[in-house]
Amino acid sequence: MESGVRKENNPPSSSFSLQQQPPATNPSPLRKIIVVASIAAGVQFGWALQLSLLTPYVQLLGIPHTWAAFIWLCGPISGMLVQPTVGYYSDRCTSRFGRRRPFIAAGAGFVAISVFLIGYAADIGHLSGDSLTKTAKPRAIAVFVVGFWILDVANNMLQGPCRAFLADLSGKDHKKTRTANAFYSFFMAVGNVLGFASGSYTHLYRIFPFSRTKACDVYCANLKSCFFISIALLLTLTILALSYVREKPWSPEGSSGDGGNEEEGGGAKESTPAPFFGEIVAALKSLQRPMRILLLVTCLNWVAWFPFLLFDTDWMGREVYGGDSSRNADQLKMYDRGVRAGALGLLLNSVVLGFTSLGVEVLARGVGGVKRLWGIVNFILAICLAMTILITKVAQSNRRYTTVNGGTHLLPPPSGVKAGALALFAVMGIPQAITYSIPFALASIFSNTSGAGQGLSLGVLNLSIVIPQMVVSVAAGPWDALFGGGNLPAFVVGAVAAAASGILAFTMLPSPPPDIPSNKRAATSTLAFI
């Protein structure tokens, strides 16, 4: 079929074939897969805190809203460089501790260092000479930026090897591979719920009274406290997983590919190593049409997602609640309330995300396949982003004030406006669940004929995610400023990109081949609903 993926007995040679192929291996017990997958809860806890609290925090340190997006460049840059690099070298790691475990342990250690720098940025800046009376705190900003970059690099060091470790533990059991991915997604949702719940609670700093200092107000102390809990969870889960689940040391002579847990063995013919960047460049040149279209649809999808992920709580604080982090105490207080409401919205979003992830197979069958499902949810995403304009206008037209002791004070928006904004957050959990699952499943199936390895496939797909993030990070601030500031201009661009992604998913994205019996499946299977 022209729109499908042609299967060949002897696929053409490409740069992907330079990746070492996995030997036939026996899967590990499910309990070990669950323990390793649980690391995702600790990783996602930190990501959730970044998304809900750090954009307002950098503005409290004195970074203007227009320039705040540039801080987020470290995420896509580290994702573009670190994940493919770590995945590539973890495939070839000959440590006696295994291939993946050393990278996971190192990533967790760097997360702990980065959290300390971020949480104590204001304190370190004050001790270094920052004035408490000035809005901009340059030394605190410098410490924060260093910590933030380390945090993103460390998180990327964790995620790639952790996913590869799950693939190693699953062996050639396709059902167990699907189960491993399902548990990883489930623990991501758990981490989101924990992170956003922590971000929405305003008195968490009372658990750690030492977190509030002369240079660190209540908001800053809450952020510190959230990160303390996050790092404790991540280190606990990581130590438990790496202590309980062992890897068999790997060597090019003894084995190859994606095998290598403690219960696995088997040898394979050694493949010729190739330079990392040479493989990436050659892989991009040899991409077949299905993969190219997938990368394009994924790219547009993330152009739509990233403005909202970056400024969702800021939108609640500014546009919905009418606050401002850089003005008087009354508006700052209202801005903080809006940010907390946004964190609650992200909590609802994560709950919907978790339940939807469990029902993706049913949804795909109901609409006639994953291609149609992805197209439909992209249109839902476009509608949701466009609805931010309506909610903002209604909130502005219903702005309320009260007079106390001769002073005018801003009141929160009406309950209907708040309910509409929170409902928007919740509904967006549906397309988010699809975004986190279908593109990766399709990439797996489209790369089967080229024999792609885990690290290289993830690196190529990751480029279509991080490049639009870089573009949005650079362009969002100036683009918003061009239209008078605020977040709506970037959201409008996201709505257009989501609609374009939906159209391409319906019209150009090839349909994956149907499931075949388990005794005839290819070496790299994909999710059951494909």
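Sequential numbering from 1, following the chain as shown.
Note: Cβ is positioned from N, Cα and C throughout, glycine not excepted.
TrEMBL: automatically predicted annotations, no manual curation.
As annotated by TrEMBL, region 'Disordered' applies to 1-25 (among others).
The compositional bias 'Low complexity' annotation in TrEMBL covers 11-23.
Annotated transmembrane segment per TrEMBL: 33-55 (among others), in sequence order.
Among the features that TrEMBL reports, transmembrane segment is placed at 67-90 (among others).
According to TrEMBL, the feature transmembrane segment maps to 102-120 (among others). Sequence-distant neighbours of the transmembrane segment (102-120) (same chain, 6+ residues past either end, Cβ-Cβ under 8 Å): 39, 42, 46, 54, 86, 90, 93, 95, 143-144, 146-148, 150-151, 153-158, 160-162, 165, 211, 216, 223-224, 227-228, 230-231, 234-235, 238, 241-242.
Nonlocal intrachain contacts for the transmembrane segment (140-158), taken as residues 6+ away from its ends with a CB within less than 8 angstroms of a stretch CB, comprise 39, 43, 46-47, 50, 54, 57-58, 61-63, 71, 74-75, 78-79, 82-83, 86, 103-104, 106-111, 113-118, 120-122, 124-126, 130, 215. According to TrEMBL, the transmembrane segment annotation covers 140-158 (among others).
Annotation source TrEMBL lists transmembrane segment at 179-201 (among others).
Sequence annotations record features per position, and here TrEMBL assigns transmembrane segment to 221-245 (among others).
Taken from TrEMBL, the feature region 'Disordered' covers 250-272 (among others).
Distant neighbours of the transmembrane segment (293-311): 51, 55, 69, 72, 287, 374, 378, 381-382, 385, 388, 428, 432, 435, 439, 442-443, 446, 460-461, 463-465, 467-469, 471-473, 476, 487, 490-491, 493-495, 497-498, 500-501, 504-505, 508-510; these residues of the same chain sit at least 6 beyond its ends, with a Cβ under 8 Å from one of its Cβ atoms. Marked as transmembrane segment by TrEMBL: 293-311 (among others).
The feature transmembrane segment is assigned by TrEMBL to 341-364 (among others).
Under the heading transmembrane segment, TrEMBL lists 376-395 (among others).
Among the features that TrEMBL reports, transmembrane segment is placed at 419-443 (among others). For the transmembrane segment (419-443), same-chain residues at least 6 beyond its ends with a Cβ under 8 Å from one of its own Cβ atoms are 181, 185, 188, 291, 294, 297-298, 301-302, 305, 308, 312, 316, 320, 341-342, 344-346, 348-354, 356-357, 360, 370, 373-374, 377-378, 380-381, 384, 387-388, 391, 394-395, 457, 460-461, 509, 512, 526-527, 529-530.
Annotated transmembrane segment per TrEMBL: 455-476 (among others), in sequence order.
Using a Cβ-Cβ cut-off under 8 Å and counting only residues 6 or more beyond its ends in the same chain, the transmembrane segment (488-509) has close neighbours at 290, 293-294, 296-297, 300-301, 303-308, 311, 315, 319, 371-372, 374-379, 381-383, 385-386, 388-389, 392, 442, 472, 476, 479-480, 482. The transmembrane segment annotation in TrEMBL covers 488-509 (among others).
Same-chain residues lying 6+ beyond the ends of the transmembrane segment (376-395) with a Cβ under 8 Å from its Cβ atoms: 301, 304-305, 308, 315, 319-322, 367, 413, 417, 420-421, 424, 427-428, 430-431, 434-435, 487-488, 491-492, 494-496, 498-499, 501-502, 505. With a threshold of 8 Å between CB atoms, the same-chain residues lying at least 6 positions outside the transmembrane segment (341-364) that come near it are 48, 51-53, 182, 185-186, 189-190, 192-193, 196-197, 199-200, 312-317, 320-321, 370, 373, 418, 421-422, 424-430, 432-434, 436-438, 527-529.
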